[in-house]
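Colleague: Taken from Swiss-Prot, the feature L-isoleucyl-5'-AMP binding site covers E568. Taken from Swiss-Prot, the feature ATP binding site covers K612. The Zn(2+) binding site feature in Swiss-Prot is assigned to C907, C910, C927, C930. Among the features that Swiss-Prot reports, motif ''HIGH' region' is placed at 58-68. Annotation comment: Swiss-Prot describes 609-613 as motif ''KMSKS' region'.
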Amino acid sequence: MSDYKHTLNLPETAFPMRGNLAQREPKMLEQWYETDLYGQIRKAKAGKPKFILHDGPPYANGQIHIGHAVNKILKDVIVKAKTLSDFDAPYVPGWDCHGLPIELQVEKKHGKPGKKLNLAEFREKCREYAMTQIDQQRTDFKRLGVLGDWDNPYLTMNFKQEADSVRALAKIIDNGHMHQGFKPVHWCTDCGSALAEAEVEYQDKNSPAIDVRMPVAATAETVDRFSTPEGHVGEGNVSMVIWTTTPWTIPANRAVTLAEGLEYTLVQVEASDDQPAERVILADDLVNDCMERWNITHYHKLGFCKGKDLEGLQLQHPLFELQVPVILGDHVTTESGTGCVHTAPGHGVDDFLVGQKYGIEVYNPVGDNGVYKDDTPLFAGQHVFKANEPIVDKLREVGNLMHAESYRHSYPHCWRHKTPIIFRATPQWFISMDKKGLRAGALEQIKKVDWFPEWGQSRIESMVEGRPDWCISRQRTWGNPIAIFVNRETEELHPNTLELMEKVAQLIEKDGVQAWFDLEPETLLGDEADKYRKVTDTLDVWFDSGVTHHCVLREFDGLRWPADLYLEGSDQHRGWFQSSLVTGVAMYDEAPYHQVLTHGFTVDAQGRKMSKSIGNVVAPQDVMNKLGGDILRLWVASADYSGEMTVSDEILKRSADAYRRIRNTSRFLLANLSGFDPKQDLVAKEDMVELDRWIVGRAADLQNELLEAYNNYQFHSVVQKLMHFCSIELGSFYLDIIKDRQYTAKSEGLARRSCQTALYHIAEALVRWMAPICSFTAQEIWDLLPNERSQYVFTESWYQGFDEFSGVKDAENEFWMQLLEIRDVVNQALEQSRRDDVIGGSLQAEVTLYADDELAAALNRLGEELRFALLTSEAQVASINDAPADAVKAEKMALAVSVTKSEYKKCERCWHHREEVGTLENHSDLCQRCVTNIEGEGEERRFA
């Protein structure tokens, strides 16, 4: 017996079966940055149409988490896909660098600003800390395979960007959108300063909980608003009853808030020994609770109405000669109290927001030290927490105290002093939503933007419709300054504010924000300096990031305004999408983006958020170190990001399995292109074997589908289609069929070259389809493909070699897709024969396909080549009427299959069992086909 191994075309490739991505990827990254891959892409796409994805800046604090990874990978997939679509798509990453979390980190190490370090030194430490965090995050982002201008990112703390933020504010002021007002903030009376949310901790505390009567100003008018039975209007004074655990805020009461759709009841309280009859207004759901709390047993309901029916009603302040209105708000609940909410806009966020809608005074009688100001009636000079008891006594004295008790609840405390804090209105700077039509302009612009998913539009519309004026000022140390001068007497801006702000911006551009804080007013104002106060407030960090469309898109070379796309998590409808929209319209009357895409949050397999305490955190660093960046990228791309994205070790393992299928397909393609030179060996379409031509046509049509999915940001659809093609049409059909021809046909013969031509076209396309998602693996494949080529797949365009193949003829496509189904039936029959010990491998089998006339005609077209398509040694077609009872029948077509074991010897080279094996002179162990392939001109194939 001869050894024919040397006559076979055995697959050969340097592309390993195992990816070893965790070890291989870092080496590839090293090369990418040594050879300036990003710069090469920019040169390759110079002059092409621009596509600008503007990066929403992550905060420069802490390690990246899985949500960061999702966000950056999605952006990278889009940028790479757009680059392949022949766009010049630069990606400039950014970081948000100012604000409280960084201050707190520096404070932990160096103490409060102004203590161990002066303010300038403290700011410098903040800058240094932010830079260390940026470096750490940048390393992780690059490890994900995200390509961008990492050496030149935008940082909101770069001097130029700090200066441009001041210029952005100047433009907003110039357009008339900024004004001064009041807003309640967390206030520590021990610190004597405002606290941010992060500086507040909650502890249990006992507070006096009081129910307070607020008499109605017009009794008859009030009763008329309730649907009461005729003649049953009750007797006694009418009051609306409020409930509060902060009696010290009663002097600042300026309204009572009800829920619009809630049912309210007019309740008759009957006279008792020590109390005359009276009527009270309460939420119907809380009547029983209130009566029980007040120890009232004799009462009945007189009438009902909705909260909206009581809007505008005037009430008497419980302590002062003052009338306050009834208003409506969304924050009213029936969880506790009376359903009638005491509203002091100077001492609560909800109170402030609802008060703004009604134009209600923001009254704050409390000074920095927590003491009532001198002009506060009755309680001037008293500390608010010591005033609770005198206020309760006064309410009792004037007959407006319904009930008082001690109430234990969670209450905000200062994280430094561990003492209770208050809400207190302080002067702040606002961007007005309505003064110059900003809200209307923003709502108009929202309609012009494409939102992915579509519900994003209604979500941001409702938020913009309901949002209050934007408070842009903060009393912080580390931030961009509100670089303005205010008249000490009138509180008006300096008349030359715009020119002064430009001068300040120039100083900041040179020396950073410290230039403003060091600036002596005389330097710019000269003799006028005494008349003006230099504002020391800093800008809300949402303003910093919200004006990056101005500071980055309009200022960085190679970018342009507006952006084509903003892409962030769905929480950014409230955050960056909205701050960017508001500033864009305030500055330029236009949204700074054409499209907005949002992704959901990551949750575990049970739908729970990632939490260290639960122990379900999936760290991207761990995934990359264990499985590799491409597995993480494949998971992100295959998830439907429009909702919550589920991730767990098991889900990532499934992604790794899917990756292996793609890798194995790629390896087969590369291994069978060994020795193939497209310049010499490529077969023209019309000369190709029909099956080869068909699969290339399928790939061409698939490319059109994939490009559409990429353009619509449907990456999970890209992955599904790619996996289906690799697993079904290639893996279990085409590649399975062609192995015999590929390995045994004459090396230089048309039968094999046709097959290699198909594999080459598919490989050239597949590597590009994969590149945006499995970037590392795509480049690994690219390096091993035949033919001269550029260094990187990322500088390329989608495969252009499909032009003549796209649009496979319907009849041809239908036949091969039908054959795919026929093979499934044949495989069932073969499997049954294996179980029955009739055959071992499929090449021991001879099959008969019993079909109706139409199908039989289609199958007979293949003639001798049908057996190759079915992977059997013989295949013949007969009438369905002659099918034996034990034949395996198809469910969806007129087909039955029977299997018999071949009686012929096996060819030692191709393993087919053929009649002539053992009869050929000089080659007694070969079939005629193999002899032709070894010694002749090679077999001919037309179909398969």
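The backbone N, Cα and C atoms fix where each Cβ goes, glycine too.
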Colleague: Cβ distance under 8 Å to C927 (Zn(2+) binding site), same chain, sequence separation 6 or more: which residues?
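Modeller: C927 (Zn(2+) binding site) has long-range Cβ partners C907, R909, C910, H912, R914, E916, V917, L920.
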Colleague: At 10 angstroms around each C-beta, which of the binding-site residues C910, C930 has the fewest other C-beta atoms nearby?
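Modeller: Candidates: the binding-site residues C910, C930. Fewest Cβ atoms within 10 Å: C910.
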Colleague: Which of E568, C907 has the fewest nearby Cβ atoms, counting only those within 10 Å, among these binding-site residues?
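Modeller: Each of the binding-site residues E568, C907 was scored by Cβ atoms within 10 Å; lowest is E568.
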Colleague: Using a 10 Å cut-off, grab the number of neighbouring Cβ atoms around the Cβ of K612 (ATP binding site), all chains included.
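Modeller: Its Cβ shell of radius 10 Å holds 7 other Cβ atoms.
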Colleague: What Cα-Cα separation, expressed in whole Å, is found between E568 (L-isoleucyl-5'-AMP binding site) and the residue listed as 'ATP binding site'?
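Modeller: The separation of the Cα atoms works out to 23 Å.
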Colleague: Rounded to an integer, what is the Cα-Cα distance in Å between C930 (Zn(2+) binding site) and K612 (ATP binding site)?
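Modeller: Spelling it out, the Cα of C930 (Zn(2+) binding site) and the Cα of K612 (ATP binding site) are 64 Å apart.
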Colleague: What are the DSSP helix/strand/coil residue counts across the motif ''HIGH' region' (58-68)?
Modeller: 3 helix, 1 strand, 7 coil
Colleague: Looking only at the motif ''HIGH' region' (58-68), what is the model's average confidence as pLDDT?
Modeller: 94
